[in-house]
Amino acid sequence: RNLKNVLVISFGFLLLFTAYGGLQSLQSSLNSEEGLGVASLSVLYAALIISSMFLPPILIKKLGCKWTIAGSMCCYIAFSLGNFYASWYTLIPTSVILGLGGAPLWSAKCTYLTIAGNSYAEKAGKNGKDIINQYFGVFFLIFQSSGIWGNLISSLILSQASNKVEISEESLACCGAYDCMSEATNTTASAGPSESLKYTLLGIYTASGVLAVLLIVIFLDQIKSDQAETEKEIQKTPSFWSTFLATFQHLKDKRQCLLIPLTMYSGFEQGFLAGDYTKTYVTCALGIHYVGYVMICFSAVNSLCSLLFGKISQFTGRKLLFALATVANTACIIALLLWKPHPNQLAVFFIFPALWGLSDAIWQTQTNGLYGVLFEKHKEAAFANYRLWESCGFVIAFGYSTTLQVYIKLYILLAVLVLSMVTYGVVEYLETKSSPGTPAATKKENVGPCTQETKM
């Protein structure tokens, strides 16, 4: 019965994020007028910061895990509905609603799987932590494929467009790092898909979200028998003010301050790929129907490398992996500055997201692991800082997306990356100095499954 509930949550999230993941990748291209798409994503992550500070414990206590999950999923459906008639009056409010629902959704899922794992372990006489890790393993195995399905749907639907035209060399000159911000010269990119195709795609995404809610409402068991345990889990969750104060008190630790650039860089680089690469390189030179295929490449490499680097980090240490990610990202940034995208170079459009996925896998797994090692005694405050600064990176990256040319954004990305590696190097030096007998790379990384969920 517990495994059934784990599968229900897993497939519910798969359906929900199939829709959201596909929509997020398309925002900068689908709603490009006046930068509405990227502005909505910036607002969304700002709302997520506020939501994560105080909403989860309140909603889970009042509604329970099941109904918090179902209610939060409805916030994602609202965003899909807002895209049907995208304007500042529909998309921005629905982005706020999604942002507010994001944190309770993930917290309720974490709480539910934790309680279910402990409950089964107690009855079966097994170790609770082992069962919880198994449940989270099943969840992420199913959930991680959502990036592939959502983007595949968008590309298959949008490739049905009958109004495809040959992109002129003059239009291609406005693609890439030195984009013509004020000129909508690329007829394929600026025209976008037909209304019927757009509504078909949004209809499928909305239906996917509705199915996710129905799956949770009908098949997920309410944990009534473990109400006391639920209360116990909620009591462990600090209140808004204690979280707020602990988050900023944690900044007294200079290692946390030094890790801010690295944490923000995670948001910057993900924001650039989703907001700028998809629009200025892919949509501009190939057309919007290629965005999904390119993002599938990113998602697939990211998932495989996350699994791979999580395993090999115990042999290589994190310093070598951080160096690999830095080299890969730096090479990509320099190449993107020099490259003029052209449809004849189709393979190159996929090489960049593949390398970006490799780098992002390292930033996600190793930065989470680094926080777990350095701040083992203050995990809650440390990971609250992680979520705060990464979300700030997203907000800033999407916020300036429409006001700066791509080459300036690439220089900013490179500058933040260099600063991140300098401050990270100082952290490693401080760690080596404080415990010369125990190199930081060999310490056991104790990171809970809920700390990995930094993405929406």
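Any Cβ shown, glycine's included, is placed from N, Cα and C.
Automatic, uncurated: that is what TrEMBL annotation is.
Annotation source TrEMBL lists region 'Disordered' at 436-456.
Look at TrEMBL and you will find 37-55 (among others) tagged as transmembrane segment. Distant neighbours of the transmembrane segment (37-55): 24, 26-31, 79, 86, 91-92, 94-104, 239-240, 243-244, 247, 267, 271, 274-275, 384, 387-388, 391-392, 394-395, 398-399, 401-402, 456; these residues of the same chain sit at least 6 beyond its ends, with a Cβ under 8 Å from one of its Cβ atoms.
The transmembrane segment feature in TrEMBL is assigned to 67-86 (among others).
TrEMBL lists 92-115 (among others) with the feature transmembrane segment.
Same-chain residues lying 6+ beyond the ends of the transmembrane segment (135-158) with a Cβ under 8 Å from its Cβ atoms: 2-3, 6-7, 9-11, 13-14, 16-23, 25-26, 109, 113, 116-117, 193, 197, 200-201, 204-205, 287-293, 295-296, 298-300, 302-303, 449, 452. Annotated transmembrane segment per TrEMBL: 135-158 (among others), in sequence order.
Marked as transmembrane segment by TrEMBL: 199-220 (among others). Counting residues 6+ beyond its ends, the transmembrane segment (199-220) has Cβ neighbours under 8 Å at 4-5, 8-9, 11-16, 18-20, 22-23, 66, 69-70, 73-74, 76-77, 80-81, 83-84, 150, 153-154, 157-158, 193 in the same chain.
Residues annotated as transmembrane segment in TrEMBL: 287-309 (among others).
Sequence annotations record features per position, and here TrEMBL assigns transmembrane segment to 321-339 (among others).
Per TrEMBL, the feature transmembrane segment maps to 345-363 (among others). Sequence-distant contacts of the transmembrane segment (345-363), counting only residues of its own chain at least 6 positions beyond either end whose CB sits under 8 Å from a CB of the stretch, comprise 262, 265-266, 269-270, 273, 277, 281-282, 285-286, 290, 293-295, 297-306, 308-309, 321-322, 324-325, 328-329, 331-332, 335-336, 339.
If you look up TrEMBL, you'll see 408-427 (among others) marked as transmembrane segment. Among residues of the same chain six or more beyond the transmembrane segment (408-427), those with a C-beta under 8 A of the stretch's C-beta atoms are 177, 255, 258-262, 264-265, 268-269, 272, 276, 322, 326, 329-330, 333-334, 336-337, 370, 374, 397, 400-401.
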